[in-house]
Structures are given as C-alpha cells and as structure tokens.
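Here's what Swiss-Prot has on this protein:
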type: BINDING; residues: Gln11, Glu69, Ser138, Gly142, Thr143, Gly144, Asn204, Asn226; note: GTP binding site
type: BINDING; residues: Glu69; note: Mg(2+) binding site
type: REGION; residues: 421-445; note: region 'Disordered'
type: COMPBIAS; residues: 429-445; note: compositional bias 'Acidic residues'
Amino acid sequence: MREILHIQGGQCGNQIGAKFWEVICDEHGIDQTGKYAGDSDLQLERINVYYNEASGGRFVPRAVLMDLEPGTMDSLRSGPYGQIFRPDNFVFGQSGAGNNWAKGHYTEGAELIDSVLDVVRKEAENCDCLQGFQVCHSLGGGTGSGMGTLLISKIREEYPDRMMLTFSVFPSPKVSDTVVEPYNATLSVHQLVENADECMVLDNEALYDICFRTLKLATPTFGDLNHLISATMSGVTCCLRFPGQLNSDLRKLAVNLIPFPRLHFFMVGFAPLTSRGSQQYRALTVPELTQQMWDSKNMMCAADPRHGRYLTASAMFRGKMSTKEVDEQMLNVQNKNSSYFVEWIPNNVKSSVCDIPPTGLSMSSTFVGNSTSIQEMFRRVSEQFTAMFRRKAFLHWYTGEGMDEMEFTEAESNMNDLVAEYQQYQDATADEEEEYDEEEEEEAA
C-alpha cells in the first residue's frame, strides 16, 4: 500500500494537524479511541495509507508530532482525538524557539532533531511501500519554519526518492503575528525551494476572507481556518484512500504540476464552501463545483490568480459523478479563460475522480494550481525582508545563535530569483521559446 507519513511541527502545524486527523478519522470511521466504528468496507480497504493497525484492532495514525515547547502538545493530547496517537511519537523540547528561525534550525531544533528522526525512521520501517511525507508547518514562527525545514532537509538526505509534500502557512499581508516573520519566511523558502517536492501555500488572511465572505462567520477562529485547510489536505490524498475512476497520487500530482523543478509552490482551493447553516439547501452540480473551485475568492493564499497565468492545475473531484461531465467542465474552463493559461503547455489541467465524497457532502472538489501569480506572495515577503535587513533590524537574535549575515543575503537572492523565474514564464509565449535557449546558452558561455 502507498503509505504517507504525516509530520507536524510547531504550534501552527500541530493545530492544523490535529484538525486534519479529526477529518481523516471521520472519513474512515475511526472513533476517538482508535477503534473502527464505520459502516462501509471501503473505509477499511486502504486505511493503511494513514494508519497502522495495532493489537486489539486499534488504528494508530502514522503521525510524528514535534515542537520545541510542550504547550501545544499538551492541549492536543487532552483534545478530542489526543488518545489515538502513539505516545512515543510526541517529540518535544522545553525551551521553545521564540519565533527565532535560527533557534529552530541551528541550536534548539538541532538538539532535538535526532530524536525526531528516530521516530520518523521507526514509522517509515513500518510501511510496506512508503510513498512520501506530508509536513504541516508555518513559515512565520521559529519551530515550524526553522526546525521544520531542518527536518525536511534531513529526510531528503535519507529518503531521496520519496515525495515530500508540505502544507506551509505563509505570513499574511495584513495579519502579522510576529515582527520577524519576513526573516523566518525567507529563510524557510530558501530551504523549501531546494528540498521539498510540492508546497501547498496557505495563508491566514485568505482563509479569514473565505470565512467572512463565503462562510459568513462573524468571528472566525483558528479552528475554522484549520478546518478549511484539512478539507483540502484530505482532498489531495482521497484518491489514495478510496477507489476512484481516475486516480492520482503525490507523484502523479507532482509530475503533472511541476514544469520546472523550482516552481513547486501551489495555490489550493476547495469547493463547495457553504456557510455552516445552509448546507442542506444546496443541490451540487459539477458545473457549480467547477465554477467555485476556479474562483479567485476560493484560493487559500493571498495571491490573485487573475494577476498571473496558470502553468498547470489539477482538479480532484469526489462523489458520484460522470467523468465525461468533469472533462467537459475542465475543457470549458480552459477554453473560456484561455488567456489565464500559458499556451506553451497545451493540456495543462489534470483531473481525477474519487467515488467517495467527504462526510456530509454529496460531492466536492479540491483544486491545486501552479500559477505564476504566487510570486505576489514572495514579492510581498521579500519587500518586508529587505526593509528590515537593510537596517539590520533584529539581526542580533539570529547572529547570536551562530548564523551569518551571508545566509540572509543568500536566502534573499534565492527568493528574488524565484520571483524572477515566475515572471519569466508568465511572459513567455509559445513562439518565443528559441530566444530563451539562446539566452541560456550565452549565460552558460
């Protein structure tokens, strides 16, 4: 079976992860003690993608939970599903990273990383055919960003041929939690560009907007935001866990979405998003789902796809529907909005259909798009980074942990290169291709 090993780090990662396991347990009919209480064999057929079966018929998540302070883990453990995790898989320090990337990556995190890797190895050895890792973390803090990227690079060394998928929460433009977010995020992106295979980019502000505008919540909590994220996470892997007419897995997703290795930062969306009270009044159709999932208001990161072009995209539908209708709708989207797709990748939308819808819905769809407009996010972080770095503000917190200013400069230029690459492919047309080859040859020469 194609197992996925789930890793969550830092406060944000652990809170998203906790919500994710609630959703997955719900879909597979696992109760809060880890016992199966479902009603369909399909729930059990491929349950070992995310669960180990332990003695006494208990199902234990393949999850590794790490943090540099015990607080979030304690509340997770006392939460509704706290008892289903394997106790040994909680790895935490006492010191905290204090929103400092250097602490997470070089000092505190480096002390804890070996015990995390031991747990990861143990879990990986339990797998029959490990497909890859999914990591939940934020890029604005210290642990999720610093220690998260450290773990990703270590796993990369040890399991070079396995997929590495991250769900990364970027700092938002308007909602800022800490002053040094731009530093932490830039240093993390520097790592993610090199070591991750696929990054799903999330951002609190866009999630808040969805909660206000679409879900009509007056006071959205982090719980509501994390619920949105976990719906998407579940959608990305539903094809691995339930039978479907058109399957997709992490590797197929990567092959279809990544035209150039560095450009692996995706926007994600989910449909249907309806406010909590009004779900029962909606009859869903494939055209409605399609329209909603391509809507820029549905994107879970603060970049507007109308400001760029899609290099590639993938749509994962769930529920009983005809594949013919799905294909027609996807073609329809591409034909009507052809200016928003690059013309030098002809059929650039992949679709997959899984027969089992999520709990409480008759059908749903998950959208993953590789759009050049994601550069807006990097650009925004980069501007904030430069503003502070020019004055060397807050740098002593990082150099004090043994970092060098050079690292900051490298991370900054790597991020700017990334933005430039996105821009280059946004402007490229099908008939210009030869020019680029010549330019590259000149550069090489």
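Each residue, glycine too, has its Cβ placed from N, Cα and C.
Structure coloured by features recorded in Swiss-Prot.
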residue	record	contacts (Cβ under 8 Å, 6+ apart)
Gln11	GTP binding site	Asp67, Gly71, Thr72, Ser138, Gly141, Thr143, Gly144
Glu69	GTP binding site	Phe92, Gly93, Gln94, Ser95, Gly96, Ala97, Thr143
Gly142	GTP binding site	Gly10, Leu68, Gly96, Ala97, Gly98, Asn99, Asn100, Trp101, Lys103, Gly104, Asn184
Asn204	GTP binding site	Val169, Ser172, Val175, Leu225
Asn226	GTP binding site	Gln15, Ile16, Ala18, Lys19, Phe20
| query | Which one of the binding-site residues (Ser138, Thr143) has its C-beta surrounded by the most other C-beta atoms within 10 angstroms? | reply | Thr143
| task | Please classify the secondary structure at Glu69 (GTP binding site) using three-state DSSP. | result | coil
| Mapped DSSP class for Ser138 (GTP binding site), helix or strand or coil | strand
